[in-house]
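Here the structure comes first, spelled out in structure tokens, and everything after it is commentary.
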Amino acid sequence: MDIKISPFFSLQDQYDNLAIHTSKGIEFLDKYANFIRDRLAIETEYAAKLRRLAKNYQPKKKEEDDNEFTSHQAFRNVLKEINDLAGQREVVAESLQLQIIQGITLLSKTLREERKKCLSNGTYLQQNLSSQLSALERAKRNYEKAYRDSEKAVDNYKKADMDLNLSRAEVERYKNIMTAKIQQSDDAKNEYANQLQKTNNLQQQHYNELLPEVFNRLQELDEKRTRGIREFIIGAADVESSVAPIIARCLEGMVKAGESINEKEDSYKVIERYQSGFTPPTDIPFEDLSKQDPESSQESHYNNVQSSHLTVKGTISANRIKKRVGIFNIFGSNKNSLTADGQKEDFSDLPPNQRRKKLQAKIAELQQKIAQETAARDGLMKMKVVYEANSSLGNPMTVEGQLNESEHKLEKLKIDLKKYQGYLERANQIPMASNSPQANRNNLHNGHRVSRHSNGSTEDNNEDGDDQPDDGGSLSRSDSEDNVAQIQNGHNNNNNGSSASPESGLGTSHTSLPGSGQGSAHDNAMGEDAYYETEMELLQPLGTCRALYPFEATSEGSIPMNEGEVLQVIEIDQGDGWTRVRRLNNTNGWDEGFVPTSYIECTLYA
């Protein structure tokens, strides 16, 4: 059998070094496995941190209103792509674990076992050859000793045979010794020749067949280990390459997200969100000081400035001011008429544009709920028909209760839809200009705007820039008038027939006056207690106000006033269009009540 001699056989005298080299090679393979494990841990940690990053920057619930902007939408898309990137890093880590780590572990185990067998076989061959060489060396030494002994015995016999003094018996003894030694030498020679032949045969087989096979296996083992490292390195790169297209698509998605940002569209959405619908003020009219008293003119200018400051403080920043207790809680907002976010049910506390948007969104929501509830009701009706046709499928009475409940919900949703449609219709009927500060502030019975100066003179102007009403008050009064119209049309019944004029504030509040029939006796008692507790402590005046127009009190809680009358301000307008004032009454002490903010001109104390 021909054995292909391994190139490693040229290192036959370096067997120990080859054993050390193969051991270091397997250790290097394990080192590469540890490198892949560390990289796998980094990939896993990187993916986890990417996911945590995307989660931490997800829009909060309070930021949902900003999601309509293209920049916010683009950022949300970027976060989605980051999540996808994290998923691809997890795929890389999983593939490295399954394809590389397990492959290296299996290869390392196989190589160690094969190396152990090769080294064990090589050691056995080396020991066998060494044993044969030792036997040959012993046979050679025995042969050399026997040969020297035989030569010595021959010399002794020759000397004895030549010696005439020795007897024949003595010579015969030397002859016998010589013959024995020669026989021993021949036996040792034969043994030596036999051992030499065996050693040569074994040595030839060892170096030509057995040992080359061991070296071949060692070379294959080392090449297998080297080839494995090459495949694992390429495999790790292939794992990365396999996710590269998806990562590239993620990056393309980020680029598209960035390109989707439209600054003009975002600007338009900002305008849509914050546009109030109020018209800007017109030019301030010229006041001819030669026709007025200088002191009165200065006082009028100061009053106008203070009134403007009061309007801003009393309407725009009303949510920062503590809500008034009110008399009998008439003018305070009822909790039942507020939405979850603290706004009024009909959103009358919002500017016109924002109010329309809120109402339209509410109507769309109710319509969707009605569609869902209608589908559910139709399903229950079909189920009931099936149960009635085949009672074995179910009891129709079990569906009856659910059907009644569904009908009740549907009816309630339809009522709410009709109510909000009415709100929207009234909101659409109100022109923009009517909600502007100037239009609400300047009111004439004939439709002309009248501006009154501090000296009491009246003059027709297109606008009076000094007289700015409370925005919230304008909205509250208009909604009150709408609600009054509802009351007059029969939508709201007042048991005692008390009026619900805009001055009363009842149009926007569900809280009734004591004895009005709309509240319980307990509510009336609570209202009276609150009123008398308020009266026990006389509030300090915040400033003074002058009546621009006469006002007739038509409901409890408000007080009448004459044009030009000066009153004390004890509570400023908080967004509902009413200001609490006080006047000195010689008979009853002090009279307190509410008057429309748009009917007065306020001067607050510094």
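Glycine is no exception: its Cβ is also placed from the backbone N, Cα and C atoms.
Feature annotation from TrEMBL assigns domain 'F-BAR' to 1-266. Annotation source TrEMBL lists coiled coil at 126-205. Residues or ranges marked as region 'Disordered' by TrEMBL: 279-305, 429-525. According to TrEMBL, the feature compositional bias 'Polar residues' maps to 295-305, 431-445, 498-521. What TrEMBL lists as domain 'REM-1' is 349-426. Annotation source TrEMBL lists compositional bias 'Acidic residues' at 460-470. Feature annotation from TrEMBL assigns domain 'SH3' to 540-605.
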Subject >> Integer mean pLDDT for the domain 'REM-1' (349-426) >> reply: 85
**OP:** Could you put numbers on the helix, strand and coil content of the domain 'REM-1' (349-426), residue by residue per DSSP?
**Re:** 69 helix, 0 strand, 9 coil
Subject >> Per-state residue totals over the domain 'SH3' (540-605) - DSSP helix, strand, coil >> reply: 3 helix, 35 strand, 28 coil
